[in-house]
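Heads up: the structure comes next, in structure tokens.
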Amino acid sequence: MSKSNELSFGSPNHQPELDPKHTHEATHVYNQPGADCQDAHSGHNHGALGAHVHVAGAKLKWAFFATFFILAVEVVGGGVANSLALLSDAGHVLTDVAALGLAWFAAVQAQKSPTLSKTFGYHRTGILAALANSLTLIIIAFVILYEAIRRFQNPQSVESTIMCLSAGVGLIVNLAIAFSLRGGEDNLNVRSALLHVLGDAAASAGVISGAVIMQFTSWYVIDPIISVLIALMIAWNAWKIVKVTIHILMEGAPTSFEYDRLLAYVRILPGAKDIHDLHVWSMTPERVALSCHLVVDPEGSLERSTEIIKQLKQYLLEEFGISHTTIEVEIAQCGCTALLCNETLWKKH
């Protein structure tokens with residue numbers, strides 16, 4: 001076999017024992033002497049992830065309608081009670097209604113099949129929705145802070161009893177929503193929604209505490225103080241989601257991925273020499289992809305190279321949960337030898 005020949009493997013015809021439902025398999029052989037280009041592709045089964053997305057959509061649908069009920073209660077209660085804290089919480093709930101609606105829509109979109117123009121499908125619809133939701137929350141937080149400053153300068157009386165009852169309804173329903181969303185935190189939209197709901201529950205508890213204090217002390221400045229605390233909590237939680245979504249949209253690697261462990265494993269594989277031009281990225285927090293060039297012993301057989309690929313893919317699946325891998329096998333190293341190489345990605349022909 002000439003050293004100029006190159007074998008490029010997607011995923012060999014192999015079902016890892018760990019979880020075959022999550023495995024992407026393909027075998028591509030190019031430029032073999034005496035053979036035409038071949039392409040075999042099988043095993044695209046996304047049943048588990050599809051079911052996961054469907055369950056997420058059902059949870060988000062329930063959360064959407066329950067949160068809309070809270071919004072109606074708090075808008076009416078805040079207006080009657082003249083409570084900025086309660087109206088601030090209602091403002092937070094309004095963004096939650098929009099957030100949950102978008103997240104629900106995104107979960108439905110994520111179940112669509114890939115197309116020729118969207119080869120990865122629509123899974124990042126949820127990432128875009130989470131980013132939009134979080135940025136909106138940050139804007140709302142600043143609006144609440146502005147209104148709270150005005151209330152500090154001119155404190156207004158508040159109907160604490162109505163305020164307490166309205167916030168109590170919000171607290172109970174939010175806790176019920178949070179309970180229903182348990183177990184779906186791996187989905188970024190569900191996690192974002194859960195943060196929204198827990199934030200609402202904490203805000204409602206704060207509003208109730210403030211209402212009790214004002215009931216006995218008439219210290220109405222507590223109303224804007226609670227509003228400021230709610231606004232800061234909203235902004236902080238939203239910023240954390242913004243950072244995660246931007247990292248994913250920038251094709252960032254999962255924080256749990258350890259390059260050193262992968263390199264150490266490759267170097268103990270008989271017949272494997274090195275890897276380079278490595279790319280690891282998240283389509284969503286649940287869907288991670290990897291591509292790399294793997295240099296093998298030029299004296300080895302095609303069967304041995306295929307076996308190395310199987311072992312490496314199994315390791316990536318078991319240790320890092322990476323099920324979509326594309327590994328290009330080389331018997332002669334290409335021009336770029338760096339682990340992280342830009343040349344092959346951006347080279348102009």
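Yeah, the Cβs are placed from backbone N, Cα and C, and that goes for glycine too.
Predicted automatically and left uncurated, TrEMBL annotations should be read as such.
Taken from TrEMBL as is:
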type: COMPBIAS; residues: 1-14; note: compositional bias 'Polar residues'
type: DOMAIN; residues: 62-250; note: domain 'Cation efflux protein transmembrane'
type: DOMAIN; residues: 256-330; note: domain 'Cation efflux protein cytoplasmic'
type: REGION; residues: 1-21; note: region 'Disordered'
type: TRANSMEM; residues: 62-84; note: transmembrane segment
type: TRANSMEM; residues: 90-107; note: transmembrane segment
type: TRANSMEM; residues: 127-148; note: transmembrane segment
type: TRANSMEM; residues: 160-181; note: transmembrane segment
type: TRANSMEM; residues: 193-213; note: transmembrane segment
type: TRANSMEM; residues: 219-239; note: transmembrane segment
The transmembrane segment (160-181) vs the transmembrane segment (219-239): 3 or more CB pairs under 8 Å: no
Residue counts (helix, strand, coil, in that order) that DSSP gives for the domain 'Cation efflux protein cytoplasmic' (256-330): 29 helix, 30 strand, 16 coil
Per-residue pLDDT averaged over the domain 'Cation efflux protein cytoplasmic' (256-330), given as an integer: 88
